[in-house]
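Q: One structure follows; several queries about it will come next.
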Amino acid sequence: MSKRYTITAALPYTNGPIHIGHLAGVYVPADIYARYLRLTGNDVAFICGSDEHGVPITIKAKKEGVTPQDIVDKYHAIIKKSFEDFGVSFDNYSRTSAKIHHDTAQNFFKTLYDKGEFIEEVTEQLYDEKADQFLADRFVTGTCPKCSNEEAYGDQCEKCGSSLNATDLINPKSAITGNVPTLKQTKHWFLPLDKHEAFLKEWILKGHKKDWKPNVYGQVKSWIDDGLRPRAVTRDLDWGIPVPVEGAEGKVLYVWFDAPIGYISATKEWAERVGKDWEPYWKDENTKLVHFIGKDNIVFHCIIFPAMLKAEGSYILPDNVPANEFLNLEGNKLSTSKNWAVWLPEYLEDFPNQQDVLRYALTANAPETKDNDFTWADFQAKNNNELVAIFGNFINRVVVLTDKYYNGIVPSPSNFTQVDEEVLAAIKAYPDVIASSIERYRFREASQELMNLARLGNKYLADEEPWKVIKVDEERTKTIMFVALQIASALATLSEPFLPFTSDKLKNILSVTSSAIEMSWEDISTKNVLLPTGHQIGKAELLFSKIEDEAIQQQLDKLIASKKANEAANKTVEPQKDTITYDDFSKLDIRVGTILEAEKMPKANKLLVLKVDTGIDVRTIVSGIAESFSAEEVIGKKVTVLVNLAPRALRGVESQGMILMTENAEGKLVFVNPDDKSVANGLHIS
Ligand SMILES: [Zn+2]
């Protein structure tokens, strides 16, 4: 039966592009769900938008010397394009800097304010004297009172997921100046979550929410059991949505107050555009509201936002919040700041038109019940062993043989064998099997069922061997090809939620794009014939292509480069030595020289004995660089030489000077060349 759905996907934060972790955790599962519901005839509003307020954007703007608006404009465009490129089928992708959102969020606040749902309180908040600014959220870091993580933020600890107030932090430190903050009085509005505790308990713990994923239910239960406290929903900041009441000058709405309201404003914007009424999507009890998020957003979607909606009074509450765990990359946590990620724009440059491969690899390995690891080896295997070898191979054989034997016309079957009957019955069962997994938010399982249908086709052809049978029994061959074509046709429709680009291609190949022959999800279960005798299909076209080892190695090399750059950036820079005078400096005689000869010092791992042309003379210098260079490598190199260093005997050889070197990212000594990108700032010349 057709139903109305409002599906939201977490608003991506506009301080960078999006990566595979975002796609796997939120956007691919949400898109599979939305596409499936549309295919099964439901009324769907699939909503998302850019989250453009909050402290990290102002920090980034300051760092780059641009305005916060510049930052959000830049990343909003990049993120929006990535979603389009990867076929994420939002009905609307909006942004929280849009006027419609400012109005909606302010009205929402005003309604709660007028109803007396806030506590207005002057409290002491953390203040940075030097920056002349209050510190909240990401402007302040410190130790988490719950798990002792020393890098917790003023609003949340990313390690244990706890939602925090800035004043909860132990040893707080300003992220702007590094100063220890003082306390200063300021007025704010608080949402008394404690007041909503009874309702939340009833709704989540005793209600029907036991069908929520165990990880989500467990987290929410532990927060409620811990006891909820009032939470400030306003901030002393200049970037955000102004608090729309008197006496709130210079204050804006807390980003986590305004962001979820973004789902509502984006729905309004969409409804206006397509000439619909937005209200049933948010206010009709028969609408099913589902929030797709990552696990770090559970508290906001399962406690704070529902409390806000409940306090407002006219909204429905989410039916489910199928939050995913985190995806790791090659054994390490995905990180924007450490560039430990696969960015979507870069992926498409390296693997053009292979969006479905990534969608499939991420779904088949989705972090649904625990953190999971994305590896390039697994990505390659999913493509080569499943998409190419099973799905693509089956379709290619069916289409090529149909073209070869019947000029692309679906043949007429004669008697079905028991195997044929079983296969035809199995096709009819697949829509329900896949649907049941999708409706329980088990997308990984659903994707494997889809692949099982392709497996069935592949096995059927391998067992029946039409390419052999055609030599002895033309009628039997027609029946085999007819059955195989029915499987291909079912795959074209059932793959759409998972592999939208492949589904389109396959529908084109099978010429089932016209409305006369296009089938719905349900048709596959109910119709006896999906692709009728006499229907003309098109030419074969490869759906997937093999990914070679070199392409995978290139990706691994990129990650190794990130790792090395991080290690270099993390090298501790030693404090500056005591000041010297110009006279001290002028005592150093540094010249450019050329290494003429080099050989290893016997029985010394580190030492090379060099003959260096200094321009003054050719002299012997013993240098501790043998672990970084072979003797052959350095011959002919131009070097910087300290020529008036007092001679010194090393292993019986007198060294008459010193070659100046520094370290690169790998800890290898290199000749001094500040243009070398692998050399970090602050490293010693020695
Ligand atoms: Zn913590």
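Just so you know, glycine gets a Cβ as well, placed from its N, Cα and C.
Predicted, not measured: the structure shown is a model, and the values here were computed from it.
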Q: In TrEMBL, which of 12-22, 89-99, 573-583 is labelled motif ''HIGH' region'?
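A: Checking TrEMBL against the ranges 12-22, 89-99, 573-583, the motif ''HIGH' region' one is 12-22.
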Q: Of the residue ranges 103-107, 113-117, 333-337, which one carries the motif ''KMSKS' region' annotation in TrEMBL?
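A: Of the candidate stretches, TrEMBL labels 333-337 as motif ''KMSKS' region'.
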Q: For the Zn(2+) site (Cys144, Cys147, Cys157, Cys160), what does the 8 A shell look like? I mean other same-chain residues with CB within 8 A of the CB centroid.
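A: Same chain, not in Cys144, Cys147, Cys157, Cys160, Cβ within 8 Å: Pro145, Lys146, Ser148, Asn149, Ala152, Glu158, Lys159, Gly161, Ser162.
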Q: Between the Cα atoms of Cys160 (Zn(2+) binding site) and Thr336 (ATP binding site), what distance do you get, rounded to the nearest Å?
A: 19
Q: Please report the distance from the Cα of Cys157 (Zn(2+) binding site) to the Cα of Thr336 (ATP binding site), rounded to the nearest angstrom.
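A: With distance taken Cα to Cα, Thr336 (ATP binding site) is 17 Å from Cys157 (Zn(2+) binding site).
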Q: Would you list the DSSP helix, strand and coil counts for the residues of the domain 'TRNA-binding' (584-686)?
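A: So the domain 'TRNA-binding' (584-686) is made up of 7 helix, 42 strand, 54 coil.
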Q: Rounded to the nearest Å, what's the C-alpha distance separating Thr336 (ATP binding site) and Cys147 (Zn(2+) binding site)? Just drop the number here, would you?
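A: Rounded to a whole number, the Cα-Cα distance is 23 Å.
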Q: Using a Cβ-Cβ cut-off under 8 angstroms and a sequence gap of six or more, which residues of the chain neighbour Cys147 (Zn(2+) binding site)?
A: Cys157, Lys159, Cys160, Ser162
Q: With an 8 Å cut-off on Cβ-Cβ distance and a minimum sequence separation of at least 6, pull the same-chain contacts of Cys144 (Zn(2+) binding site), or say none.
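A: Residues satisfying the criterion: Glu150, Ala152, Cys157, Lys159, Cys160, Ser162, Leu164, Leu169, Ile170.
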Q: What's the most sparsely packed of the binding-site residues Cys157, Cys160, counting other C-beta atoms within 10 A?
A: Cys160
